[in-house]
Amino acid sequence: MAAADEPKPKKLKVEAPQALSENVLFGMGNPLLDISAVVDKDFLDKYSLKPNDQILAEDKHKELFDELVKKFKVEYHAGGSTQNSMKVAQWLIQEPHKAATFFGCIGIDKFGEILKRKAADAHVDAHYYEQNEQPTGTCAACITGGNRSLVANLAAANCYKKEKHLDLERNWVLVEKARVYYIAGFFLTVSPESVLKVARYAAENNRVFTLNLSAPFISQFFKEALMDVMPYVDILFGNETEAATFAREQGFETKDIKEIAKKAQALPKVNSKRQRTVIFTQGRDDTIVAAENDVTAFPVLDQNQEEIIDTNGAGDAFVGGFLSQLVSDKPLTECIRAGHYAASVIIRRTGCTFPEKPDFH
C-alpha cells in the first residue's frame, strides 16, 4: 500500500510549492549608479581601458566620468553587481515582494535617492548604510560592440562599516532570516570582515553561501581576503577571464576551464555537509559546472547576435536567475536554466533592466 501512496507528496509539491518568506535571499555589496554609454576606441585608449574589463577608478580616470556625460549619450541605471543580482532574483521570484534583501553603503545625495527609489521599485528590501563623508558611488560602463569596460568609482560604497550597520540587531535579524547568501567578490575590497561574518554564520547554520570571483583584479590583488572566505563558499561563480586569472594566481597549472572548475571545487571547505559547486559562464559559450563528481557543460540559449544591445549585467543576471530557483531548492539544472534565461533577457536591453514580468516556466 505504501508504494502507491509514495508519489502523493511529490504531486502536492508541484501544485502547492512551499511559499517563500520575505528576506529568504541575502545580498551585500557595492551599490553604484551605472552611467553607461556607447563609446569609441579612442575613448578607451585615452583612459587605457581594455574593451572587456572591470577596474576601480584611479586618479587618471578622474575626468572620465565628466567626459562620458558630456561627449556621449548616457543612460543612468541603478547598478552594482550584487544589487543587480538581487533585483533579477526578485523579478523572477515575483512573490513575495522583499524576498531579496540588500545591504550596502550610499551617500546622502541625489544619486543615493535614485538608488533607493529603484530598489523599492524592484521590490528588493534594501537597507543602506547612509553616510555624508562620500557621495554615492558610480560606475562608468563604456560599451563598444558586444563588450563593456567598467570603471567603478566606489566613493560611498567603500565606506560600509560592519560595526555601524551589519552588527546592528535590526539589520542582523535580516541576515538570520535568509537561507541563501550571495556576495560579489567586489565587496572583499570594502569590508572583508562583513563577508566573513555572514559566511561563518551560513556555515554554522548549514545554509548556502555563494560568492562571485567578480573581476580578475580580485584574484590578483585581494587574494588573501578571497582565500580567507573561500573555505565557506558553497557555490562559486565567475566568468572565463576571472577563472583563468584565479587559476594562475592559485598555481593550478592548467588553462582548461573544466580542470580549473574541478580544482576550485576541491579547495578546502568548512561545512562538509555541502560539497562545493563551481559555475563558470563564458559569454555565448557553454556554462561550465563542477558539481559532485562531474564537470558538465550547459549550452546557453541561442541568441540572435543582432538582438544583443548591452552585455553589461549579463553575469549579474545569470546569478540572479540561478539564485531565484535555488531559494526554492530547485535542482541545479533548473537553476542554470533560469540563469541563462535571465541573462538572455538582460542582454537585449540597456543596463541590467528587465520587462515587468518574466516569461520563464
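Using the three backbone atoms N, Cα and C, a Cβ is placed for every residue, glycine included.
Residues or ranges marked as motif 'Nuclear localization signal' in Swiss-Prot (evidence: similarity to another entry): 7-15.
Packing around Gln305 (adenosine binding site) is summarised by its Cβ count: 7 other Cβ atoms lie within 10 angstroms of its Cβ, all protein chains included. Annotation comment: Swiss-Prot describes Asp34, Gln305 as adenosine binding site, evidence class similarity to another entry.
Feature annotation from Swiss-Prot assigns Mg(2+) 1 binding site to Ser48. In the three-state DSSP scheme, Ser48 (Mg(2+) 1 binding site) falls into the coil class. Annotation for Ser48 (Mg(2+) 1 binding site): same-chain Cβ neighbours under 8 Å, separated by at least 6 residues, are Lys60.
Residues or ranges marked as phosphotyrosine by Swiss-Prot: Tyr76. DSSP assigns Tyr76 (phosphotyrosine) to a strand segment in the three-state reduction. Around the Cβ of Tyr76 (phosphotyrosine), the same chain contributes Leu33, Asp34, Ile35, Ile114, each under 8 angstroms and 6 or more positions distant in sequence.
Sequence-distant neighbours of Asn147 (Mg(2+) 2 binding site) (same chain, 6+ apart, CB under 8 A from its CB) are Pro51, Asn52, Thr311. Here Swiss-Prot flags Asn147 as Mg(2+) 2 binding site, drawing on similarity to another entry.
Secondary structure from DSSP puts Asp316 (active site) in a helix. Residues or ranges marked as active site by Swiss-Prot: Asp316.
The Cβ of Asp316 (active site) has 28 other Cβ atoms within 10 Å, all protein chains considered. Taken from Swiss-Prot, the feature active site, proton acceptor applies to Asp316, supported by similarity to another entry.
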Integer Cα-Cα distance in angstrom, Asp316 (active site) to Gln305 (adenosine binding site): 20
Asp34 (adenosine binding site) CB neighbourhood, other CB atoms within 10 A: 23
Per-region confidence, the motif 'Nuclear localization signal' (7-15) (mean pLDDT, whole number): 40
